[in-house]
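**Q** One structure, as structure tokens, below. Some questions next.
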Amino acid sequence: MENYQLVLASTSPFRQQLLEKLAIPFSTLSPNCDETPLEDESPQQLVLRLAESKAQSCQINQPSLVIGSDQVCVINGNIVGKPHNRQNAIAQLTAQSGQSIVFYTGLAVYNSETGETRSCIDEFKVHFRPLTQAQIERYVDKEQPFYCAGSFKSEGLGIALFEKLEGKDPNTLVGLPLIDLIDLLAQQGMQVLG
């Protein structure tokens, strides 16, 4: 299946950087799907549905494997979104101080030729240090994590906020579980290492 094109259904520069680690040429497309949660939809159901929807929403004219991914952050059973501004980022980090949060990342690979979609969910736990208000404000002002779920960038200074990380793939926390992606691509006939 070496004639398949690899497409990332995302405009996220973070996901693009992660996919570049696999050293496979790929293109990106902006997915076109409604990301509104359904009534009574669990975080796991939401990320799986959205990952599949993103992968399937791209208009493709050649045989391609299209990657879709979606992530939510959950604290005390509630989905935490992107803060979008300083005040909300500080509020999120204050609520997360000394707490554990869970990231659920849905991943899907859609084969545009066969119509088959393979998907999975990866879970990653983040345990926050107890943080002072001054530490939180200093972090937010330095890194401005306004478009990151949970109000931090784990690939940057955000690592200073954590006491412990739990999960099989640290890439999951940034938004694209590469270990699972390698498996899903192999199931569709694309071997990362040839």
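Every residue, even glycine, has its Cβ placed from backbone N, Cα and C.
Since this is a predicted model, take the numbers as computed values, not measurements.
Grabbed the feature section from Swiss-Prot, which reads as follows:
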type	residues	note
ACT_SITE	ASP70	active site, proton acceptor
SITE	PHE14	site 'Important for substrate specificity'
SITE	GLN71	site 'Important for substrate specificity'
SITE	GLU155	site 'Important for substrate specificity'
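Situate these features within the shown structure.
**A** Taking the Cβ of ASP70 (active site, proton acceptor) as centre and 10 Å as the limit, one finds 26 other Cβ atoms among all the protein chains shown. Secondary structure at ASP70 (active site, proton acceptor), taken from DSSP and collapsed to helix, strand or coil, is strand.
In the three-state DSSP assignment, the secondary structure recorded for PHE14 (site 'Important for substrate specificity') is helix. The number of other Cβ atoms within 10 Å of the Cβ belonging to PHE14 (site 'Important for substrate specificity'), over all protein chains shown, comes to 16.
In the structure as shown, the Cβ atom of GLN71 (site 'Important for substrate specificity') sits within 10 Å of 26 other Cβ atoms.
Under DSSP, GLU155 (site 'Important for substrate specificity') is assigned to coil, being neither helix nor strand in the three-state scheme.
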**Q** Compared by Cα position, which of the recorded positions PHE14, ASP70, GLN71 is the closest one to GLU155 (site 'Important for substrate specificity')?
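**A** Spatially nearest to GLU155 (site 'Important for substrate specificity') by Cα position is PHE14.
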**Q** Using C-alpha atoms only, work out the spacing between ASP70 (active site, proton acceptor) and PHE14 (site 'Important for substrate specificity') and round it to an integer in Å.
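**A** That comes out at 13 Å between the alpha carbons.
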**Q** Just to verify a number: CA distance, GLN71 (site 'Important for substrate specificity') to PHE14 (site 'Important for substrate specificity'), in angstrom, no decimals.
**A** 13
